[in-house]
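**Student:** Pasting in a structure now, in structure tokens, and then I'll have a few things to ask.
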Amino acid sequence: MGRRSAAPTSPFGEPRKFDPKFKGPIGKRHCTDVLCCIIFVVVILGYIALGVVAWIHGDPRKIIYPTDSYGQFCGQKGTPNENKTILMYFNILRCASPVVLINLQCPTTQLCVSKCPDRFATYLDMQANRFNNSYWEYYKQFCKPGFDKPRKSITEVLRDEDCPSMIIPSRPFLQRCFPDFSTRNGVLTVANKTEFKDGIGQMRNVTDLRSAANGINNVLDARSVGMKIFEDYASSWYWILIALFIAMVVSLLFLILLRFTAGVFFWIFIIGVIGVVGYGIWHCFWEYDSLKGVPGADLTIYDIGLQTDFRVYLQLRQTWLAFMILLCIVEVIIILMLIFLRNRIRIAIALLQEGSRAIGYIMSTLFYPIITFILIAICISYWAVTAVFMATSGEPIYKVMANKTLCKYADITCIPETFNTTNVTRLCPGAQCTFAFYGGESFYHQYILIFQLCNVFVFLWLVNFSIALGQCTLAGAFASYYWAFKKPADIPACPLFSSFGRAIRYHTGSLALGSLILALVQFIRIILEYLDHKLKASQNSFAKFILCCLKCCFWCLEKFIKFMNRNAYIMIAIYGKNFCTSAKDAFFLLMRNVIRVAVLDKVTDFLLFLGKVFVTGSVGVLAFFFFTRKIPVLTDEAPALNYYWVPLLTVLIGSYLIAHGFFSVYAMCVDTLFLCFCEDLERNNGSSSKPYYMSPNLHRILGKKEILSKKAKR
């Protein structure tokens, strides 16, 4: 007999061989990617140490409380400024914009006061009314502490800024005094006045303050809006929680209904697409036919050239003919895909239905996203607190405040305690050593930017690890369901808890490695976004083009890595191998079933999109009618609101996040069942000695023809 020729080796590896001992996720495992696990633990310890150092050096009061020119906090308990909670600027005209004010970079004396001025006044007026004690008593509260009944000349007082040269009616915002701007008939006013006296007694128009207070009016209006939004939340939070609970119930019901309606939803959509494209073909033909004989309609697109008005092209028969041909091609492609891929589409729909059935047997998986949410919330909180403490780790830096054109020492660093003994006060009359910002010269302060970048990177790593842990845990639970020969009798007890234990005990290193790769790509994308922001004003077109290409490439790379990591975690949950081996096995398995992968991915994406739209839309519509009091039986129950969109928007966002949490479990379930299904087809042939583990529904859809062909190959 002639020797049988060996089958050519597949470039994507050999199919899985039948193993009578294989019953799903293996129990005997060993720790994988130990080195990465050790690095991960060391990084976490270092991250904790960084947080401790930031906690020691940081002082959030620098953000909570405004700081005066002496580096003292306004409103801090136990200090002389305890009752002085607001920061006032002596000469607001020196401030370029509200952003400068908020960032404490305005080159004028800043003083903590108990209240903002409520009238116009100048130091010259005070001197003119020096015999009126009530006038001085009001004005002196805005002077430096201890400055009472001055003997200095007016020039010296204003030069040394012992008192403000003028005060302006102001309102507190962000614990700072801002001019009380308003508009009347389109005219800018302050306290209903359009003119005021400046510090030297000259009349000036209120518009002179515009550069220092541009946008202040909008900011003050935003404060009012913010208070109203807070009131709306206070009166509607109970109903918001009820709406979110309804969203959770609707999401659960949708997942249950998918077992029976997945195919209906998909085929309705396909028929709808075919119908819409068919209508487009008919409409293009109608437009093409109606333009017959119209003067100029027979010109070609080449004849009229490039036109900025697109409507010109719609008056040509050639345009509608091109549209009609294009739509015909699309229609033919869709129909051919349905003809040749119909069986794979049916398998995809059956897997979706099987996913709903699996979740029904392991209901605890629906609540696992809560654990992922808690882990991510902890990561976000720790990152935010660490970032704030690092940002406030600086020591107070004081600089000389003087006229730059007359004083060469302006803006240099100074020490308040010794400033009056230096030559600066003699060479630059009126110069002051005032607080500028927070900084430092130590190693820690010099590398705060590096530490902030490390904070961001480790944050990304931990968040991705939390997501990876959830995916691996869910994959192990759903794999236990699939490889149970008799469902649900053979499903192991507590499959979710067992899978979680295996992932933590054996595969922390593998999950850390996968999340590290993804975190690196995401970190690079953040840097590219920062560079793109910096280059927006640049005229270098080549640099913008290169940056755009890099952003596109890394976006695609991130999507690919997320996809591969997801499938690698499934293989880790089943076989317990290291990350690289699992990723390779998953990739080869997917490539051996590439058409099924594409079909299942699109069908799943579509149905989950429908689910999110259905849950968010249905709950959102219900919330809209309730909060706008358009439900007659609940009119009296609806709270009185300033803005109904406040709770409505909260309900919409919350409903979407809840639906996303439920459907992420469903998507992981379908992906896991799909990989198990592909392996089932490779391992077994449906015979009594090698029976399939798939459900009877999948077995029936697979068809006798494919089963028999597999038996022949075996």
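The backbone N, Cα and C atoms fix where each Cβ goes, glycine too.
Per Swiss-Prot, topological domain 'Cytoplasmic' is recorded for 1-33, 342-346, 391-455, 532-605, 666-711, and the stated evidence type is sequence analysis. According to Swiss-Prot, the feature transmembrane segment maps to 34-54, 238-258, 262-282, 321-341, 347-367, 370-390, 456-476, 511-531, 606-626, 645-665, an assignment based on sequence analysis. Swiss-Prot lists 55-237, 283-320, 477-510, 627-644 with the feature topological domain 'Extracellular'. The N-linked glycosylation site annotation in Swiss-Prot covers Asn83, Asn132, Asn192, Asn205 and rests on sequence analysis.
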**Student:** Given the cut-off of 8 Å on Cβ pairs that are 6 or more apart in sequence, determine whether the transmembrane segment (606-626) and the transmembrane segment (262-282) share at least 3 such pairs.
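**Tutor:** When sequence-distant Cβ pairs are counted, the transmembrane segment (262-282) touches the transmembrane segment (606-626), since at least 3 lie under 8 Å.
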**Student:** Counting only residues 6+ away from its ends, which parts of the chain sit with a Cβ under 8 Å from the topological domain 'Extracellular' (477-510)?
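**Tutor:** 22-25, 29-38, 40, 355, 358, 361-362, 364-365, 368, 469, 570, 572-574, 576, 578-579, 582, 668-669, 672-673, 676-677, 680, 691, 693-695.
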**Student:** Using a Cβ-Cβ cut-off under 8 angstroms and a sequence gap of six or more, which residues of the chain neighbour Asn205 (N-linked glycosylation site)?
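**Tutor:** For Asn205 (N-linked glycosylation site), the qualifying residues are Thr194, Glu195.
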**Student:** Counting by DSSP, what is the helix, strand and coil composition of the topological domain 'Extracellular' (283-320)?
**Tutor:** 22 helix, 0 strand, 16 coil
**Student:** Is it the case that the transmembrane segment (34-54) and the transmembrane segment (321-341) touch, counting contact as three or more CB pairs under 8 Å in which the residues of each pair are 6 or more positions apart?
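**Tutor:** Contact between the transmembrane segment (34-54) and the transmembrane segment (321-341): absent.
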**Student:** So what pLDDT does the topological domain 'Extracellular' (283-320) average out to?
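**Tutor:** Result for the topological domain 'Extracellular' (283-320): average pLDDT 78.
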**Student:** Pop the Cα-Cα gap between Asn192 (N-linked glycosylation site) and Asn83 (N-linked glycosylation site) into the table, whole Å please.
**Tutor:** 29
**Student:** Flag the pair the transmembrane segment (238-258) / the transmembrane segment (456-476) as in contact if three or more Cβ pairs fall under 8 Å (sequence separation 6 or more).
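**Tutor:** No, since the transmembrane segment (238-258) and the transmembrane segment (456-476) share fewer than 3 Cβ pairs closer than 8 Å, they do not count as touching.
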**Student:** Among the glycosylation sites listed here, Asn83, Asn192, which has the most company in the form of other Cβ atoms within 10 Å of its Cβ?
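**Tutor:** Counting every other Cβ within 10 Å of each candidate, the maximum falls on Asn83.
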